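**Student:** There's a structure below that I have some questions on.
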Amino acid sequence: MGTVVHAANKEANGSVPTNKNVTVVFVLGGPGSGKGTQCANIVQHFGYTHLSAGDLLRAEKQSGSENGTMIHNMIKEGKIVPSEVTIKLLQRAMQESGNDKFLIDGFPRNEENRAAFESVTGIEPGFVLFFDCSEEEMENRLLNRNQGREDDNIETIRKRFKVYMESSLPVIEYYNSKGKVRKIDAAKPIEEVFEAVKAIFTPIN
(Lines of atoms letter the chains of each structure in order from A and count residues from 1; the text may use other names and numbers.)
(Lines give C-alpha, C1' and ligand atoms only; values in the text may rest on other atoms or scores of the structure.)
Protein backbone atom coordinates (compact mmCIF):
# COMPACT_ATOMS: atom_id res chain seq x y z
CA MET A 1 0.00 0.00 0.00
CA GLY A 2 2.98 2.31 0.40
CA THR A 3 1.80 5.46 2.11
CA VAL A 4 0.07 5.37 5.43
CA VAL A 5 -2.79 7.77 5.94
CA HIS A 6 -3.26 8.99 9.46
CA ALA A 7 -6.05 11.03 10.97
CA ALA A 8 -5.51 14.39 12.59
CA ASN A 9 -7.54 13.42 15.64
CA LYS A 10 -5.55 10.30 16.46
CA GLU A 11 -2.79 10.89 18.98
CA ALA A 12 0.52 10.94 17.17
CA ASN A 13 2.65 8.54 19.16
CA GLY A 14 5.50 8.69 16.67
CA SER A 15 5.14 5.10 15.47
CA VAL A 16 3.19 5.94 12.31
CA PRO A 17 4.48 8.61 9.94
CA THR A 18 1.80 11.27 9.42
CA ASN A 19 1.93 12.44 5.86
CA LYS A 20 -1.66 13.43 5.36
CA ASN A 21 -4.43 14.61 7.64
CA VAL A 22 -7.48 12.70 6.57
CA THR A 23 -11.10 13.24 7.54
CA VAL A 24 -13.27 10.14 7.39
CA VAL A 25 -17.01 10.14 7.99
CA PHE A 26 -18.76 6.77 8.20
CA VAL A 27 -22.25 6.88 6.73
CA LEU A 28 -24.64 4.33 8.23
CA GLY A 29 -28.33 3.75 7.67
CA GLY A 30 -30.61 0.89 6.74
CA PRO A 31 -31.70 -0.08 3.24
CA GLY A 32 -33.99 2.67 1.96
CA SER A 33 -32.84 5.31 4.47
CA GLY A 34 -31.77 7.64 1.64
CA LYS A 35 -28.01 7.52 2.31
CA GLY A 36 -27.07 7.54 -1.38
CA THR A 37 -29.02 10.70 -2.18
CA GLN A 38 -27.55 12.56 0.78
CA CYS A 39 -23.99 11.38 0.05
CA ALA A 40 -24.32 12.85 -3.45
CA ASN A 41 -25.43 16.16 -1.89
CA ILE A 42 -22.49 16.18 0.55
CA VAL A 43 -20.03 15.50 -2.29
CA GLN A 44 -21.50 18.37 -4.31
CA HIS A 45 -21.66 20.91 -1.49
CA PHE A 46 -18.70 20.02 0.71
CA GLY A 47 -16.13 18.42 -1.61
CA TYR A 48 -15.95 15.00 -0.02
CA THR A 49 -15.10 11.86 -1.98
CA HIS A 50 -17.84 9.24 -1.63
CA LEU A 51 -16.59 5.67 -1.28
CA SER A 52 -19.09 2.83 -1.22
CA ALA A 53 -17.62 -0.38 0.15
CA GLY A 54 -20.13 -2.41 -1.87
CA ASP A 55 -19.32 -0.62 -5.14
CA LEU A 56 -15.57 -1.08 -4.61
CA LEU A 57 -16.02 -4.81 -3.99
CA ARG A 58 -18.23 -5.17 -7.08
CA ALA A 59 -15.73 -3.27 -9.25
CA GLU A 60 -12.83 -5.40 -7.99
CA LYS A 61 -14.86 -8.57 -8.56
CA GLN A 62 -15.46 -7.56 -12.19
CA SER A 63 -11.84 -6.52 -12.76
CA GLY A 64 -10.74 -10.14 -13.08
CA SER A 65 -7.79 -9.62 -10.71
CA GLU A 66 -6.69 -12.37 -8.36
CA ASN A 67 -8.31 -10.45 -5.54
CA GLY A 68 -11.46 -10.07 -7.64
CA THR A 69 -11.71 -13.82 -8.24
CA MET A 70 -11.38 -14.49 -4.51
CA ILE A 71 -14.12 -11.91 -3.75
CA HIS A 72 -16.35 -13.43 -6.43
CA ASN A 73 -15.95 -16.94 -5.01
CA MET A 74 -16.61 -15.83 -1.44
CA ILE A 75 -19.77 -13.95 -2.38
CA LYS A 76 -20.94 -16.91 -4.50
CA GLU A 77 -20.51 -19.22 -1.50
CA GLY A 78 -22.41 -16.78 0.70
CA LYS A 79 -19.34 -15.96 2.78
CA ILE A 80 -18.49 -12.52 4.09
CA VAL A 81 -15.47 -10.90 2.44
CA PRO A 82 -12.73 -10.43 5.09
CA SER A 83 -12.51 -6.93 6.57
CA GLU A 84 -8.89 -6.55 5.45
CA VAL A 85 -9.86 -7.02 1.79
CA THR A 86 -12.52 -4.31 1.92
CA ILE A 87 -10.23 -2.01 3.91
CA LYS A 88 -7.39 -2.36 1.39
CA LEU A 89 -9.79 -1.44 -1.42
CA LEU A 90 -10.94 1.59 0.58
CA GLN A 91 -7.33 2.60 1.31
CA ARG A 92 -6.38 2.31 -2.35
CA ALA A 93 -9.38 4.38 -3.43
CA MET A 94 -8.53 7.02 -0.81
CA GLN A 95 -4.95 7.28 -2.01
CA GLU A 96 -5.91 7.36 -5.68
CA SER A 97 -8.51 10.08 -5.14
CA GLY A 98 -6.00 12.71 -4.06
CA ASN A 99 -8.62 14.07 -1.67
CA ASP A 100 -8.39 14.22 2.13
CA LYS A 101 -12.12 14.14 3.00
CA PHE A 102 -14.07 10.91 2.62
CA LEU A 103 -17.57 9.61 3.13
CA ILE A 104 -17.38 5.87 3.62
CA ASP A 105 -20.77 4.41 2.91
CA GLY A 106 -22.03 1.01 4.03
CA PHE A 107 -18.94 0.30 6.14
CA PRO A 108 -18.21 -0.71 8.85
CA ARG A 109 -21.01 -3.24 8.61
CA ASN A 110 -20.20 -4.75 11.97
CA GLU A 111 -17.99 -4.40 15.02
CA GLU A 112 -15.22 -6.56 13.54
CA ASN A 113 -15.07 -4.28 10.44
CA ARG A 114 -14.84 -1.25 12.69
CA ALA A 115 -11.99 -2.56 14.82
CA ALA A 116 -10.09 -3.77 11.74
CA PHE A 117 -10.46 -0.42 9.95
CA GLU A 118 -8.99 1.50 12.86
CA SER A 119 -6.13 -0.93 13.41
CA VAL A 120 -5.22 -1.33 9.72
CA THR A 121 -5.46 2.34 8.68
CA GLY A 122 -4.73 4.09 11.97
CA ILE A 123 -7.74 6.31 11.23
CA GLU A 124 -10.59 7.05 13.57
CA PRO A 125 -13.60 8.61 11.91
CA GLY A 126 -14.29 12.28 12.63
CA PHE A 127 -17.87 11.23 13.23
CA VAL A 128 -20.56 8.80 12.11
CA LEU A 129 -23.52 10.09 10.12
CA PHE A 130 -26.43 7.86 11.05
CA PHE A 131 -29.60 8.03 8.96
CA ASP A 132 -32.23 6.90 11.41
CA CYS A 133 -35.40 5.65 9.78
CA SER A 134 -38.18 3.36 10.98
CA GLU A 135 -38.49 -0.09 9.48
CA GLU A 136 -41.98 0.78 8.27
CA GLU A 137 -40.77 3.87 6.40
CA MET A 138 -37.89 1.97 4.77
CA GLU A 139 -40.24 -0.83 3.72
CA ASN A 140 -42.58 1.64 2.06
CA ARG A 141 -39.74 3.36 0.24
CA LEU A 142 -38.17 0.14 -1.03
CA LEU A 143 -41.50 -1.30 -2.17
CA ASN A 144 -42.40 1.91 -3.98
CA ARG A 145 -38.96 2.43 -5.46
CA ASN A 146 -38.36 -1.02 -6.83
CA GLN A 147 -41.62 -2.17 -8.28
CA GLY A 148 -40.82 -5.20 -10.33
CA ARG A 149 -37.57 -6.06 -8.59
CA GLU A 150 -38.09 -9.61 -7.44
CA ASP A 151 -35.66 -9.37 -4.52
CA ASP A 152 -37.57 -6.53 -2.92
CA ASN A 153 -40.54 -8.37 -1.54
CA ILE A 154 -41.57 -7.70 2.04
CA GLU A 155 -39.86 -10.80 3.50
CA THR A 156 -36.53 -9.99 1.85
CA ILE A 157 -36.71 -6.38 2.96
CA ARG A 158 -37.43 -7.40 6.55
CA LYS A 159 -34.56 -9.87 6.49
CA ARG A 160 -32.16 -7.20 5.17
CA PHE A 161 -33.35 -4.80 7.83
CA LYS A 162 -32.90 -7.36 10.62
CA VAL A 163 -29.34 -8.19 9.47
CA TYR A 164 -28.54 -4.49 9.20
CA MET A 165 -29.83 -3.72 12.69
CA GLU A 166 -28.10 -6.67 14.37
CA SER A 167 -24.72 -5.94 12.81
CA SER A 168 -24.71 -2.13 12.72
CA LEU A 169 -26.16 -1.31 16.12
CA PRO A 170 -23.00 -2.31 18.05
CA VAL A 171 -20.98 0.00 15.75
CA ILE A 172 -23.39 2.88 16.34
CA GLU A 173 -23.37 2.22 20.10
CA TYR A 174 -19.56 2.14 20.18
CA TYR A 175 -19.23 5.52 18.45
CA ASN A 176 -22.13 6.93 20.44
CA SER A 177 -20.18 6.19 23.62
CA LYS A 178 -17.38 8.35 22.17
CA GLY A 179 -19.79 11.15 21.31
CA LYS A 180 -19.19 10.65 17.59
CA VAL A 181 -22.67 9.80 16.28
CA ARG A 182 -24.63 12.49 14.42
CA LYS A 183 -28.15 11.15 14.12
CA ILE A 184 -30.39 12.38 11.30
CA ASP A 185 -34.14 11.82 11.13
CA ALA A 186 -34.17 10.21 7.69
CA ALA A 187 -37.95 9.84 7.55
CA LYS A 188 -38.36 13.51 6.63
CA PRO A 189 -38.49 14.77 3.02
CA ILE A 190 -35.14 14.85 1.17
CA GLU A 191 -34.78 18.66 1.38
CA GLU A 192 -35.34 18.69 5.15
CA VAL A 193 -32.92 15.83 5.65
CA PHE A 194 -30.25 17.72 3.70
CA GLU A 195 -30.81 20.85 5.83
CA ALA A 196 -29.99 18.71 8.88
CA VAL A 197 -26.94 17.27 7.08
CA LYS A 198 -25.72 20.76 6.12
CA ALA A 199 -25.97 21.88 9.73
CA ILE A 200 -23.58 19.08 10.69
CA PHE A 201 -21.06 19.59 7.88
CA THR A 202 -20.96 23.39 7.67
CA PRO A 203 -19.00 24.01 10.92
CA ILE A 204 -16.18 21.66 9.91
CA ASN A 205 -15.62 22.85 6.35
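In case you wondered, yes, glycine gets a Cβ from its N, Cα and C as well.
Remember, TrEMBL labels are computer predictions, not curated facts.
Found this in TrEMBL, in case it helps:
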| type | residues | note |
| --- | --- | --- |
| BINDING | Gly32, Ser33, Gly34, Lys35, Gly36, Thr37, Arg145, Lys188 | ATP binding site |
| BINDING | Arg58, Lys79, Ile80, Val81, Gly106, Phe107, Pro108, Arg109, Arg149, Arg160 | ribonucleoside 5'-phosphate binding site |
| BINDING | Asn113 | CMP binding site |
**Student:** Have a look at the binding-site residues Ile80, Pro108, Asn113 and say which one has the shortest Cα distance to Lys35 (ATP binding site).
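**Tutor:** Looking at Cα distances from Lys35 (ATP binding site), the smallest one goes to Pro108.
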**Student:** At a 10 A cut-off on CB-CB distances, which of the binding-site residues Gly36, Gly106, Pro108 has the highest count?
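**Tutor:** Selected residue: Pro108.
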**Student:** For Gly36 (ATP binding site), which of the binding-site residues Arg58, Ile80, Gly106, Pro108, Asn113 has the nearest Cα in space?
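**Tutor:** It is Gly106, whose Cα lies nearest.
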**Student:** Quick one: Cα separation, Arg58 (ribonucleoside 5'-phosphate binding site) versus Gly32 (ATP binding site), in Å?
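**Tutor:** Their Cα atoms are separated by 20 Å.
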**Student:** Cα-Cα separation of Thr37 (ATP binding site) and Pro108 (ribonucleoside 5'-phosphate binding site), in Å?
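**Tutor:** With distance taken Cα to Cα, Pro108 (ribonucleoside 5'-phosphate binding site) is 19 Å from Thr37 (ATP binding site).
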**Student:** Please list, in sequence order, the residues in the chain of Lys188 (ATP binding site) that are at least six apart in sequence and whose C-beta is under 8 Å away from its C-beta.
**Tutor:** Ala196
**Student:** Measuring CA to CA, name the entry from the binding-site residues Ile80, Gly106, Pro108, Asn113 that ends up nearest Gly34 (ATP binding site).
**Tutor:** Gly106
**Student:** State the count of C-beta atoms found within 10 angstroms of the C-beta of Arg58 (ribonucleoside 5'-phosphate binding site), not counting that atom itself.
**Tutor:** 15
**Student:** Across the listed ATP-binding residues, Gly32, Ser33, Gly34, Lys35, Gly36, Thr37, Arg145, Lys188, what is the farthest Cα to Cα distance, given in whole Å?
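**Tutor:** The two farthest binding residues have Cα atoms 16 Å apart.
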